[in-house]
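Peer 1: Quick one: the structure is below, questions incoming.
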Amino acid sequence: MRVYQCHFCSSPVYPLHGITFVRNDAKEFRFCRSKCHKAFKQRRNPRKLRWTKAFRKAAGKELVVDSTLTFAARRNVPVRYNRDLVATTLKGMSRIEEIRQKRERAFYKNRMKDNKERDFASDKKLVEQNPELLRLREVELRRKAEKQAAKENAMEEEEEEEEEDEEMVSEDEEMESESEDESEEETEKVKQKVLLKNKRKTRR
């Protein structure tokens, strides 16, 4: 399966997908979707549109110069089929992909390294130019602290209510046990009275 690249945005174009345009000089242009095809017909420059690979590479946002990228170059050289060659090629492809991903991650980390310092400097400059932002921040922090305190108070009230409920339940259980004891005593007294009556009747 041959996977082509979009002529405009460099996205992969799989078989039975995309649009193919053949010019009068028999040059083929493949596009991944109608968006790229329309932009090509409008003669737009891919390096000036932020969503294309050409812009990202020109702006230094992606890895451009690397030995792993040369392996993906298309070669129109016919090679006789050899099973061992195919097996080693497939193994090499997976290994090259791993190395490329590792290098891309390292490139991204290196590119994002100074962002925190840059953001801090820009924030500092903004606060120096607009000191009223600090007052807004103080108000925001105070509101946040009030919300947190209200939340803690609500939690404490809930805990107190739970403790009261538990005490009420324990008292109810004690009352029930006492009432059960009293009822048992009453039944025993009634039984004793009945026995005494029976004894008196037998004596007569």
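Glycine is no exception: its Cβ is also placed from the backbone N, Cα and C atoms.
Pulled these from TrEMBL:
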DOMAIN    6-44  domain 'TRASH'
COMPBIAS  144-154  compositional bias 'Basic and acidic residues'
REGION    144-204  region 'Disordered'
COMPBIAS  155-187  compositional bias 'Acidic residues'
COMPBIAS  192-204  compositional bias 'Basic residues'
Peer 1: For the domain 'TRASH' (6-44), what are the same-chain contacts with Cβ under 8 Å, counting residues 6+ beyond its ends?
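Peer 2: Distant contacts of the domain 'TRASH' (6-44): 51-54.
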Peer 1: How does the compositional bias 'Basic and acidic residues' (144-154) divide up by DSSP, counting helix, then strand, then coil residues?
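Peer 2: Per-class counts: 11 helix, 0 strand, 0 coil.
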